[in-house]
Amino acid sequence: CDLACSLIYAPVCGSDGKTYPSECSMEATACIDEVVITKVHDGPCETKCSAACTKEYNPQCGTDGVTYANPCTLEYAKCKSDGEITFDHAGPCKPKCPTVCTLEYNPQCGTDGRTYGNPCQLKVAECESDGRITLDHPGECDACSLKKVVGPCRGAFRRYYFDSVSGKCEEFVYGGCGGNDNNFKTLDACQKRCMEE
């Protein structure tokens, strides 16, 4: 198949129901795929996508990040996009969370007891936690008044926290993720932050 097709867009409808950018492009596809495709007419093919869907609400997330009201409306979008849009998962799509933040230091204390470097970093945490983490107050969190939090992961890392009842830094086993700012890698770091007046 040695067909050099021009880049001029002159769509044609092929007998396979697909629209090709040009008759040459259709012939090249037929040659490469070793099938017979003939031109039905000039211009794009008419899609036979049925938009007759019920108003049932059963949200479906498409691969385009759009939440469709039900499987039928997603199927319609799939048909209109020539299969570009497909089913991703049941339920609404999650909003895309920002991922790029500046390095400015403008500390923000989150409701999870963690200090975030700036408002953008807190917004990312808020988005990724589906709104469970929000702003507690501007500025750094008071790590020393927070309760010890092991976190949901199953690692085993030796860490230290300040126990406000005993007034001392105590050892604990940290799971490796989650947790809060009352989590120090060394006893010395804990004592310097929480015990020195």
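Each residue, glycine too, has its Cβ placed from N, Cα and C.
Cβ environment of Cys1 (disulfide bond): Ala28, Cys31, Ile32 lie under 8 Å away, each six or more residues apart in the same chain. Annotation comment: Swiss-Prot describes Cys1-Cys31 (among others) as disulfide bond.
What Swiss-Prot lists as disulfide bond is Cys5-Cys24 (among others), and the listing cites similarity to another entry. Reduced to three states, the DSSP call for Cys24 (disulfide bond) is helix.
Feature annotation from Swiss-Prot assigns disulfide bond to Cys13-Cys45 (among others). The secondary structure of Cys45 (disulfide bond), as reduced to three states from DSSP, is coil rather than helix or strand. Taking the Cβ of Cys45 (disulfide bond) as reference, residues of its chain lying under 8 Å away and at least six apart in sequence are, in sequence order, Cys13, Gly14, Gly17, Lys18, Thr19.
Within 10 Å of the C-beta of Cys49 (disulfide bond) there are 13 other C-beta atoms, taking all protein chains into account. Sequence annotations record features per position, and here Swiss-Prot assigns disulfide bond to Cys49-Cys79 (among others) based on similarity to another entry.
Under the DSSP three-state reduction, Cys72 (disulfide bond) is assigned to helix. Counting Cβ atoms from all protein chains shown, Cys72 (disulfide bond) has 17 others lying within 10 Å of its own Cβ. Residues or ranges marked as disulfide bond by Swiss-Prot on the basis of similarity to another entry: Cys53-Cys72 (among others).
The disulfide bond annotation in Swiss-Prot covers Cys61-Cys93 (among others) and rests on similarity to another entry. In the three-state DSSP assignment, the secondary structure recorded for Cys93 (disulfide bond) is coil.
Annotation for Cys97 (disulfide bond): spatial neighbours Val124, Cys127, Glu128, criterion Cβ-Cβ under 8 Å with sequence separation of six or more. Feature annotation from Swiss-Prot assigns disulfide bond to Cys97-Cys127 (among others).
Under the heading disulfide bond, Swiss-Prot lists Cys101-Cys120 (among others), citing similarity to another entry as support. Taking all protein chains in view, 18 other C-beta atoms sit within 10 angstroms of the C-beta of Cys120 (disulfide bond).
The feature disulfide bond is assigned by Swiss-Prot to Cys109-Cys141 (among others), with similarity to another entry given as support. Under a cutoff of 8 A between CB atoms, and with a sequence separation of 6+ in the same chain, the neighbours of Cys109 (disulfide bond) are Thr115, Tyr116, Leu135, Asp136, His137, Pro138, Gly139, Glu140, Cys141. Under DSSP, Cys109 (disulfide bond) is assigned to a strand (E or B) in the three-state scheme.
All protein chains included, Cys144 (disulfide bond) registers 16 other Cβ atoms within 10 Å of its own Cβ. Here Swiss-Prot flags Cys144-Cys194 (among others) as disulfide bond.
What Swiss-Prot records for Cys153-Cys177 (among others) is disulfide bond, and it gives similarity to another entry as the kind of evidence. In the three-state DSSP scheme, Cys153 (disulfide bond) falls into the coil class. For Cys153 (disulfide bond), the Cβ neighbour count at a 10 Å cut-off comes to 13, with all displayed protein chains included.
In the three-state DSSP scheme, Cys169 (disulfide bond) falls into the strand class. Cβ contacts within 10 Å of Cys169 (disulfide bond), excluding its own Cβ and spanning all protein chains shown: 22. Residues or ranges marked as disulfide bond in Swiss-Prot: Cys169-Cys190 (among others).
As annotated by Swiss-Prot, domain 'Kazal-like 1' applies to 1-47, with the evidence given as sequence analysis.
Residues annotated as domain 'Kazal-like 2' in Swiss-Prot: 48-95.
For 96-143, the entry in Swiss-Prot reads domain 'Kazal-like 3'.
The feature domain 'BPTI/Kunitz inhibitor' is assigned by Swiss-Prot to 144-194, with sequence analysis given as support.
In sequence order, Thr67, Tyr68, Phe87, Asp88, His89, Ala90, Gly91, Pro92, Cys93 are the residues near Cys61 (disulfide bond), counting only same-chain partners six or more apart with C-beta under 8 A.
Proximity to Cys169 (disulfide bond), judged by a C-alpha distance within 10 Å, picks out Cys194 from the disulfide-bonded residues Cys5, Cys49, Cys72, Cys101, Cys177, Cys194. When the disulfide-bonded residues Cys79, Cys120, Cys177, Cys190 are ranked by how far their Cα is from the Cα of Cys53 (disulfide bond), Cys79 comes first.
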